[in-house]
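Look at TrEMBL and you will find ARG7, HIS8, GLY9, GLU10, THR11, VAL12, ASP13, ASN14, ARG59 tagged as substrate binding site. What TrEMBL records for 122-152, 246-279 is region 'Disordered'.
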Amino acid sequence: MRLFLIRHGETVDNIAQLYAGTRDSELTNHGVLQATKLGQSFQVSGIRITHLFSSPLKRAVKTAKLVQDAQSSFFPDATAVPALDSSGSARNDTFKLEIVRCQALIEQDFGFYEGKPFYERPRGENLTGKQAHQRNHENEPGFVPPESKESMARRGDSFLDEHLLPLLHDEHLEIEPVVAVVSHGILLSSLWKCFLRRLPARSVGFAPTAVASQSFTDLEHLGGWSNTGYLELRLSKYKTDAINKKGSEDLPASSTSTECGPDLSQRGMPSQPDHKAVGDSTAVAEPVGLSVGAEVQQAELVAGSSLQPGISESFSLAHEPIKLIREWTTTIMTVNEKSHLRGLKRTGGGVGSAKFEEGQKTLETFFKRRKVG
C-alpha cells in the first residue's frame, strides 16, 4: 500500500491568522492553485489513487476534489479498474474514484478559540499563546476548552479501523491500494501517532531520500504539515517465515493508554535495522534507521474521557482493543513533501489571498479578467 496523508490548501483563516478547527474556512485562490498543483504532480508522477478520503470541511473537500479531477486522465471513462463486490467477484460496473467524507478526519475543535486571532507567545514561558490564555481563563463562565488529544485519538482510531485497516487485510484486491487522506495539520499529526503505535516493533524506517532531506529526533514528531504538504508512507508485507522466526506474534498483553498506545517520544533511533522490508515487484528503497526500538503494545482506549460536543460522541471506542498491523513494514518515503509548489507564486493585488469563488470558470480566466479590468 502507498499512503498519502495530505493537508488541505491555504485558507482565508490561514491568511487572517485565525484559529480554524471546526470552523469551515474556505480556500483562497492561492490555496486552489496549491491543490491544483498537487493533483497535477500526482498525475505526472503516475500515482493512480484508488481510495480518496477527506474531512467534510470545505477546505479539505475542495483540495480532494482537485486531486480527484487530476486523476480523471487515468480513468477517462471510469473503466480502467474493475470494481469488486463484497465477495471479491468482479461486478459489471467499473471503478470510479470517489471522495469518501469522514467526520473522523475533521480538524481539532478549538472551542473558545474558534475564529479568534492567534495569541502571542508569552515571554519566558514554554507555552503557546493559546495555552497561556487557556491557563488564565479556563475557569471562567462560558469558556469551552479545545478538544483533547484523547478525543482526537479516538477519532483517528475510528478512521483506521473503519477505513484503512480493512484495505490492508483485503485479500481480494487485485491492485496495490494507493490511498490519499486529505485532512488538517493537527488531526494528521494525531492520526500519524495512532497509526505508528499500531505497528510491530522495529518495523518503521526512513527511505534514504527522506533522511537526506530532513532531520528527525523521533518518529512521533516528524514536524508540521504545510498547506498541501504530505507524508508519504509505503507499507510492505513480511514473508510469513520471517515473522515466525522473529516471534513478532508473541506481543505483550494490552496496556492502557489515552493516546493510542505507549509513549514513544523518548525512544532513540538505532543506527541499523533489524530486518528489511519485503514488498512486491515494485522497487522500494531499503529503509534506514528503524526507529521503534522497544515492543509496541496493544492498547485499550480509556473510558470516561471528555468528548467535545458535536465532534466525538460517535467515536467512543472504550474497551475496544486497538488492532496491531502485523506482518507489515512501513517506510517513510517523504515528510511534508511540497515539491509540487516549486515556482508557484502568489498572485498580487490581494487576488491570491482572496477567497476562491466557485462561480469562477477557472483561476486563469479570473486572473485575466482582473488584469484587463
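Glycine too: its Cβ is placed from the backbone N, Cα and C atoms.
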Among ARG7, GLY9, THR11, ASP13, the one of these binding-site residues whose Cβ has the fewest neighbouring Cβ atoms within 10 Å: ASP13
Helix, strand and coil residues within the region 'Disordered' (122-152) as assigned by DSSP: 13 helix, 0 strand, 18 coil
Those residues of the chain, 6+ apart, with a Cβ under 8 Å from that of ARG59 (substrate binding site): HIS8, GLY9, THR11, ASP24, SER25, GLU26, LEU27, GLY31
Substrate site shell beyond ARG7, HIS8, GLY9, GLU10, THR11, VAL12, ASP13, ASN14, ARG59, criterion: Cβ within 8 Å of Cβ centroid: ALA20, SER25, GLU26, LEU27, THR28, GLY31, ASN227
